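Colleague: What follows is a structure written as structure tokens; I'll ask about it next.
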2 protein chains.
Amino acid sequence: MSRLQTEEQAVDSEGDSSLHRRNEEGTQSSHRMLGFSDALLSIIATVMILPVTHTEISPEQQFDKSIQKLLATRIAVYLMTFLIVTVAWTAHTRLFQVVGKIDDTLALLNLACMMTITLLPYTFSLMVTFPDVPLGIFLFCVCVIAIGSVQAMIVGYAFHFPHLLNPQIQCSTHRDLSRRHILHLVLRGPALCFVAAVFSLFFFPLSYLLMVTVIFLPHISKATTWCKDKFMGQRESPAHNMEPFSIDLHAPLSKERVEAFSDGVYAIVATLLILDICEDNVPDPKDVQEKFSGSLVAALGAYGPQFLAYFGSFATVGLLWFAHHSLFLHVRKATQTMGLLNILSLAFVGGLPLAYQQTSAFARQPHDELERVRVSCAIIFFASIFQFAIWTTALLHQTETLQPAVQFGGQEHAFMFAKLALYPCASLLAFAATCLLSRFSTAIFHLMQISVPFAFLLLRLLVRLALAGLQVLRGLWPHHPQQDQSEPETQSQLLPDPC
Amino acid sequence: MSRLQTEEQAVDSEGDSSLHRRNEEGTQSSHRMLGFSDALLSIIATVMILPVTHTEISPEQQFDKSIQKLLATRIAVYLMTFLIVTVAWTAHTRLFQVVGKIDDTLALLNLACMMTITLLPYTFSLMVTFPDVPLGIFLFCVCVIAIGSVQAMIVGYAFHFPHLLNPQIQCSTHRDLSRRHILHLVLRGPALCFVAAVFSLFFFPLSYLLMVTVIFLPHISKATTWCKDKFMGQRESPAHNMEPFSIDLHAPLSKERVEAFSDGVYAIVATLLILDICEDNVPDPKDVQEKFSGSLVAALGAYGPQFLAYFGSFATVGLLWFAHHSLFLHVRKATQTMGLLNILSLAFVGGLPLAYQQTSAFARQPHDELERVRVSCAIIFFASIFQFAIWTTALLHQTETLQPAVQFGGQEHAFMFAKLALYPCASLLAFAATCLLSRFSTAIFHLMQISVPFAFLLLRLLVRLALAGLQVLRGLWPHHPQQDQSEPETQSQLLPDPC
């Protein structure tokens, strides 16, 4: 459907005939508005890691209980925000799979919806800081109800002016059914929150329970669907095919929007790193005069490990994006399970500034460097292993979800495997090495961060060598599809002349 | 060309025939990589406003010289970063108008380029903190040379494997000429910086002069082109049409990338606001016990003005995005002048967190609220007046740059005028009102922030009323195209049945 939108937009911006403009008057392609919403939501989801990394721990101050509590509070707010924003984003994706075009009123309603979503992190901060006061949970419920009302207004408006709907639904005889379906989807959470808000006034522990239900509801229903799918065969699809024009609530997510949301997370994470460098690593003019007798180079030399940590962290974020990009180039459609795994991966990617801060703190607090290296390795491992899991899950239904090149036996299969397995292996190796050689943990970690980018550059060569080695070992290996790979130069000769 | 890419991508993800895949092997549409680069660059450009707004000024501390110097330093870093990143972004846009497709090597080279760009803000911090030490400017030059080298490698690689090039250039007989053109464009700045780096070792004031030249070079050449265009007629276009297949370095910017970059800036600005709310406006549990006798509601009440400032600022950012979105919906192509005005507008949009911080500080330091309100009004005024200027500039060449609906006499002309003129008028009015009624400046500002969103909602009605009023006044107004506007309900009847 998203591709359809893009094509429509291309027609929109090209179509100059006045008749065409007349019909389109006031309605617009939703493409750019969705891109803006994706950027906004991905940044909100991730930016709450900043208070975590900016928690000031002065060297003389011990890592005491109050600091621990503050850190735990902020990490909890980050995780809850990330989770709830992804839930809101999924609902938003569903909603605009039904609403195909927008007009000014819908654009303004969407902005109102975004504004309400941005308030959710604040309610979490209140909840976590004052766990015994029901006001936080009450405000959270009010926010969710407000979001639900705005989304219900969007649904109502779009069904009132059906030319705004997705053409499939516009033509459907089951349009009323679709409306009821999508309204149910949009108002399910707010209805539970209304109950929670009422309970928060006299028995708030129950409100917390209801809130957890609201947050995890979509994920739980996804998991059960997956289990059913797995153990009872694909019973779902035919049931849905019976109603070809009604909205399919179990349809795959729009691949374009999954990509846009992920890009936003990677981009903001890469940028938060330089913010820390600029704020923390510019020496004070007085210090330079007193400690380094005016030599700025010497003063900067003291920050050496932190610059190394910056390069390493940026390379990690960049290469994880690269692996994600390579994978999604070969993904045909993203199922709900793949979407969930992607979100889990992104949550750990969002934690990378924490890994950076941990490793850049080496110079200041060398006594607990082993723990810091291990935390960093664990964050990188989980971010990359969930990426690997996306591919594994996609392989289960490979004909539907993947391009032929990366399916079992495809030309790019081994290469994709190597790309996605590189970071999990490297971080696991580094973790294991710190257990054996705990005195050299810093050196090991830096070695890993520097060597992995080079491994990526040489990956195609390495994979070929490994496959050739396997071939020699087995001796009787049959003709392997990997040999079909031709050099780029040969490719360009194969290309039909486009001129 | 960008539209072409989108369509190619649509074909890419659909095309399953093995022949198609064979030809495409290893090459990918650059669409997503460009989106990611746009997001990254727009966030880097804007995020340097955070150190400005986070400058701690405790109430007992006077606004003394050291604080003033720190603030000025940070604002200078923000402006310089914004400017240099937009220059780098423009060069990147030009480069990937030549390189149409990418492969893994180009994706990795692009990541290296992004990493070098992220280091630029740090060199500015050094330069501004130590203006007398040549190290900052030397590092800046090294960064620019590194960026130039990576971009030259991208150009060399793409021209070595011509199937990666834009099809137009691929088929051109002037391919070598194009390569020289684009290499000149990419290496012009780095060459100047090399000279600056040499000078920084013995006479660094000259280096600063060269740096300013590097930053402003594209803008100066744009301005001269515009002046020539304006006063000597469109002499440029025919000259370029003589070489239809060589790269046109004065071609309009890719509209899609201008939109993506702008969306990134608006999204990060909207998100930085909530970060401040979550860090500053969660009361301390001890304070609540002591000062408000345990009542969280009372404690939150004290933050009232700051929440109002948050809503106002978010609405401002959102509605400025809405105006930008509406304008670019009707833009056919973005000329260089429009691009420059857009960047100026975005630089002020990036300053909006500062306006928020100024207005949210009312509660704490009420003695200088008049100055704070005026600073906020000025930031909003400049952000919106440059948007208005984009449209005015577009109207000068309206048949090329705009859709018919918003040209002079078009159906949407008056409405677009009202949309873009609303914020400049409102902020100017508020500024004027604070001069006359300086005692009520806070109330006036809040009133403006709350009334403008409602004005946007009712804008179509207001414009119609105003036009009707004009019609009555003039009496002999001829049939006006604005009357062609039909209600959405009528529109849907006009639509051909899509089913």
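For all residues, glycine too, the Cβ spot is worked out from N, Cα and C.
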Colleague: Taking B:189-209, B:336-356 as the choices, which stretch does TrEMBL tie to transmembrane segment?
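Modeller: Comparing B:189-209, B:336-356 with TrEMBL, transmembrane segment matches B:336-356.
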Colleague: Let me check one thing: do the transmembrane segment (B:75-96) and the transmembrane segment (B:416-438) come into contact, meaning three or more Cβ pairs under 8 Å with sequence separation of at least 6?
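Modeller: Contact criterion not met.
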Colleague: Ranking B:108-130, B:136-161, B:416-438, B:450-473 by Cβ pairs under 8 Å to the transmembrane segment (B:377-396), which is first?
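Modeller: Checked against B:108-130, B:136-161, B:416-438, B:450-473; highest Cβ contact count belongs to B:416-438.
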Colleague: Report, as numbers and ranges, which residues of the same chain sit near the transmembrane segment (B:416-438): CB under 8 Å and 6 or more residues beyond its ends.
Modeller: 316, 319-320, 323, 326-327, 330, 370, 373-374, 377-378, 380-381, 383-385, 387-388, 391, 406, 444-445, 448, 451-452, 455-456, 459, 462-463, 466
